[in-house]
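Noted in Swiss-Prot for the protein shown:
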REGION    1-84  region 'Domain I, interacts with DnaA modulators'
REGION    84-124  region 'Domain II'
REGION    125-343  region 'Domain III, AAA+ region'
BINDING   Gly171, Gly173, Lys174, Thr175  ATP binding site
REGION    344-463  region 'Domain IV, binds dsDNA'
Amino acid sequence: MSTNQIPLTDQGDNYVNVWSYVAQDLYNHYGETLYNSWFSKVNFIESSLNTVILCAPTNFIRDWIKSKYAMVILQLFQHYNNAIKSIEIITKEVPGTTQTVIELPTKTFSNISNSALNSENTISTLDLRFTFDNFVVGAPNELAYAAARAVAESSGAVFESNPLFLYGGVGLGKTHLMHAIGWYIKQNNPSRKVIYMSAEKFMYQFVKALRNKEVILFKEKFRSVDVLMIDDIQFICGKDSTQEEFFHTFNTLIDNNRQMVISCDRSPSDLDNIEDRIKSRLGWGLVADVHSTTYELRLGILESKIEQMNVKIPKDVINFLASKIVSNVRELEGALNKVIAHSNFTLKAITLENTQNILRDLLRSNERIITVEDIQKKVANRYNIKLSDMYSSRRLREVARPRQIAMYLSKILTPKSLADIGKKFGKKDHTTVMHAIKKVEELLENDIELREEINLLMKILQN
């Protein structure tokens, strides 16, 4: 048994001790606000056949923790004792057992030892939510994903293109990939020493080392690792002393065949106020661009998150989110979480109308208003039919199908009700609109060409 493992020879105090460590790790990792919201009222109940049973105060908190944090909690328990195979979260006390509430300090812990989130060979905290398994791959990020995976799977060797330089806008997945590399190495090659750190934190630690006359220790720390990952390297632009130290750290690691992974919001050639010699070295290896998300990728990300969270979301809501929240993945996931949380707290069903109301401020700030008239004009032009055909009752396929598509897009891209949309299409009733939307949704299941056509129309309308 590892020296970090806590022997669980009975089902009493030792299990309670493990829960206290896990609770502290959760507090330290997620912070006071999130801890108090979700974990502070969770109690240890008992253990049974290598299963730890915890009690949440409400069904909502139980379900939320199960969907978002269950794997994190299990991994933390297993760090302290790998005999624990599963956790169960209930909302009732088990008769004859004693609840154990872990009281935590109001300040963040500064020194928690033996944490699964901060092991001796992984410096700086890795976010357990970000793994390769839950990274959704699409055309905009497939090169970056493949390269990150190759780095992680190199098993002690150095990826042939060193450093790996990932760049792209905010919230597109660069940080996710860096955490995924760290977690993969930690799980499969635990003897390898990995540092993941933001460039800002790198600078602050360097300044602190200068102030405390501990520069030698700083150099030893960063130049003795197997993998160094620095996030948001653009932060050191214009900071000459930090650039000098980074330059020498970079050279030492590359010369010793150690892996480097760097992320940035722009390509190396576009960095300003940074030394040319650093700019040149950042481009030595593989430079992978993480592009803005496509509609298909956003759809995949939403479906993956919904599956992880084990919730049911109507198709029209998913399509609406994928078409409307286009800036970045972080905002997309935030919008989904907001919709789900609103439903859980208010006990209102998740519908397209409710979603549009919940996100109206976000949508207003994101893009211009699209009207039903805009959609009718663009679709008519795209399919080379008369605008008047949108209001007619003609059933010829070459007219009826574009009209159905326009109704579908009106439901997805505008806040109008079915009845209001029907009025815009020659005073048709809401059942006609509903039938059109359902027909298009059924076709989208298998018709790739139609899916691409609708994606193109969305881009035309949104731009």
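Cβ coordinates are placed from backbone N, Cα and C, and glycine is handled just like the others.
Overlay of Swiss-Prot feature records on the structure.
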{"residue": "Gly171", "record": "ATP binding site", "contacts (Cβ under 8 Å, 6+ apart)": "Ser327, Asn328, Val329, Arg330, Glu331"}
{"residue": "Gly173", "record": "ATP binding site", "contacts (Cβ under 8 Å, 6+ apart)": "Phe135, Asn141, Ala144, Val290, Val329"}
{"residue": "Lys174", "record": "ATP binding site", "contacts (Cβ under 8 Å, 6+ apart)": "Ala144, Leu166, Tyr167, Gly168, Asp231, Ser263, Val290"}
{"residue": "Thr175", "record": "ATP binding site", "contacts (Cβ under 8 Å, 6+ apart)": "Phe130, Asp231, Ser263"}
If the ATP site is taken as the center of the Cβ atoms of Gly171, Gly173, Lys174, Thr175, which further residues of that chain fall within 8 Å of it by their Cβ?
Gly168, Val170, Leu172, His176, Leu177, Ser263, Val290, Asn328, Val329, Arg330
Can you check how the pLDDT averages out over the region 'Domain IV, binds dsDNA' (344-463)?
86
Please classify the secondary structure at Gly171 (ATP binding site) using three-state DSSP.
coil
Under DSSP, the region 'Domain IV, binds dsDNA' (344-463) has how many residues in helix, strand and coil?
88 helix, 0 strand, 32 coil
